[in-house]
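Copied over from TrEMBL:
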- 132-159: region 'Disordered' (REGION)
- 144-302: domain 'SKI-interacting protein SKIP SNW' (DOMAIN)
- 145-154: compositional bias 'Polar residues' (COMPBIAS)
- 173-197: region 'Disordered' (REGION)
- 295-320: region 'Disordered' (REGION)
- 295-312: compositional bias 'Basic and acidic residues' (COMPBIAS)
Amino acid sequence: MFSSLLPKPKHCSHETIKVVLPKPTGAFNALIAPKSGTENDPKMIKLAHSGKTLSQIHVDETGVADIGRTIASASGNTAVQLSYEDTVPLKVKYPNLRHHFPRYTLETCPDDSLAVCVAETRKFIDDLLLKSQGGDAPGPEPTLVTYTPNSLSDGDNRGRTLEIRNYKEDPLLPPKFKLRKNREKEPSPPPPILKSAPTEKITKDVKDKWHIPSAVSNWKNNQGFAISLDKRVHAASGGSSAQGPDLNIEKFTALSLALESADKQAREELELRNEHRKQLAIREQAEKEKQLKALLDKSRQAKRNIDYDHDHTRKRYRGS
């Protein structure tokens with residue numbers, strides 16, 4: 001938006017200073033095409049003016065509407081000078097706006113709008129300070145009201161004059177209304193203790209073991225019934241799961257033979273162990289019998305010796 005098209009300030013106390021940008025001092029060479037004889041001056045198209053529309057539109061030689069001249073003619077200014085200075089913003093053209101566009105004071109303001117604004121602002125700030133300090137704003141002045149009942153006759157003059165006054169309440173008085181206490185609710189349950197997941201890596205075998213195939217079937221399922229897991233596995237395997245598990249006959253035979261041989265060997269070892277125990281028991285019994293026989297023979301021999309000595313002593317006494 002061009003600054004030259006703005007109206008002049010109404011309440012300006014002094015003339016504004018026109019700032020002119022320095023022009024380049026160097027000379028520039030440019031080729032300018034001369035105008036041909038067929039080119040005419042800018043044209044102007046007249047329109048029906050209705051009060052809200054433009055009456056004239058300026059058009060240059062190329063047929064493009066000249067907006068600047070059109071706006072100037074509509075505003076009443078016949079001559080419009082467009083230059084580079086018109087495109088400079090006001091903040092750049094007038095860096096110190098306080099000097100070029102001064103603000104009004106209470107003394108220099110032409111009307112009382114500024115004084116009213118200051119008074120309302122001061123009143124609002126005073127009310128805020130009074131509330132923050134714990135005081136109450138002064139109430140309205142008491143009003144007098146005359147009350148006359150309709151039942152009185154014309155001669156009866158017993159009307160009453162009432163004074164309406166707002167009294168301040170004592171902040172230390174007990175409350176007038178009983179406040180019901182909100183009963184305390186039960187405390188919320190303690191938050192769950194979250195434990196970290198196991199850090200063991202899942203292998204491919206475990207994934208394949210716990211893999212559940214999708215619900216794939218070879219028949220129509222228009223009503224969307226749930227398909228059981230065994231049928232899912234059967235469909236995912238292509239029908240091979242219906243034949244049952246495959247058995248390796250050779251390894252199964254070798255396993256049965258190995259089990260039989262292990263059982264036979266265990267039975268033979270058990271028989272040998274029992275036979276060895278029997279032989280040990282027989283040997284111990286034979287040794288005990290030999291010891292008993294030796295003790296018996298020894299006791300018999302000792303008895304014989306005693307009898308022989310007794311007989312020999314008796315014969316000696318008889319011979320004497």
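Keep in mind that glycine also has a Cβ here, set from the backbone N, Cα and C atoms.
The model shown is predicted, which means the values in this text are computed figures rather than measured ones.
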Structural state census, the region 'Disordered' (173-197) (DSSP three-state): 0 helix, 0 strand, 25 coil
The compositional bias 'Basic and acidic residues' (295-312), counted residue by residue under DSSP: helix, strand, coil: 18 helix, 0 strand, 0 coil
